[in-house]
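J.: To start, I am sharing the structure in question, which I have written as structure tokens.
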Amino acid sequence: MNVSKYVAIFSFVFIQLISVGKVFANADEWMTTFRENIAQTRQQPEHYDLYIPAITWHARFAYDKEKTDRYNERPWGGGFGLSRWDEKGNWHGLYAMAFKDSWNKWEPIAGYGWESTWRPLADENFHLGLGFTAGVTARDNWNYIPLPVLLPLASVGYGPVTFQMTYIPGTYNNGNVYFAWMRFQF
């Protein structure tokens, strides 16, 4: 190996280490923004929201048929929340919801959600969103031990009505669930 290859490898590693330092430096800033958004949503909500679970779907490629035949995919339940739109047009929400899980047992979840929102049509009422939710849930098959969740969010909406969804990743016969609900803003 000649000297130029060593210089190239050293430069690559050095640049990566500098990048990691910047990530950690920005982590404090990101966490401060996260906490401030939660506080502002709680203290200054623009809307009160009603959540109605709509569907759970277990990805058929990731399950044995005999398992999916037994699972509940009609997650009736409900929830309430507070939300606001920020100066960039992005959505922030605090919510609590309970629904019937795959085993038809109650599963509560509460947390904070954020979506970057686009309004691609001339009609400003139509909106699309992509973001995340961070919260806590508890399941019967885990003895209702509180479990932290960090999941993706996506939505399509018109005015005060939004169809919002997430995907719970997993392994074979576990997780890999699409979950969606309606959110009505008042």
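Note that Cβ sites are derived from N, Cα and C of the backbone, with glycine treated the same way.
The annotation active site is assigned in Swiss-Prot to His58, Asp101, Ser102 on the grounds of sequence analysis. The feature signal peptide is assigned by Swiss-Prot to 1-25, with sequence analysis given as support. The site 'Role in lipopolysaccharide recognition' feature in Swiss-Prot is assigned to Lys67. The site 'Role in the phospholipid gating' feature in Swiss-Prot is assigned to Tyr172; the stated evidence is sequence analysis.
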J.: For the recorded positions His58, Lys67, which Cβ has the most other Cβ atoms within 10 Å, all shown protein chains included?
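T.: It comes out as His58.
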J.: Quick check for you: of the recorded positions Asp101, Ser102, Tyr172, which have their Cα within 10 Å of the Cα of His58 (active site)?
T.: Ser102
J.: In whole Å, how far is Lys67 (site 'Role in lipopolysaccharide recognition') from Tyr172 (site 'Role in the phospholipid gating') when you measure between their Cα atoms?
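T.: Tyr172 (site 'Role in the phospholipid gating') and Lys67 (site 'Role in lipopolysaccharide recognition') have their Cα atoms 11 Å apart.
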J.: What's the CA to CA span in angstrom from Lys67 (site 'Role in lipopolysaccharide recognition') over to Ser102 (active site)?
T.: 10
J.: Give me the non-local Cβ neighbours of Ser102 (active site): same chain, 6+ apart in sequence, Cβ-Cβ under 8 Å, ordered along the sequence.
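T.: Correct list: Thr56, His58, Tyr71, Asn72, Glu73, Val177.
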J.: Do you know which of the recorded positions Asp101, Tyr172 has the most other C-beta atoms within 10 angstroms of its C-beta?
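T.: Within the set of recorded positions, the most crowded position is Asp101.
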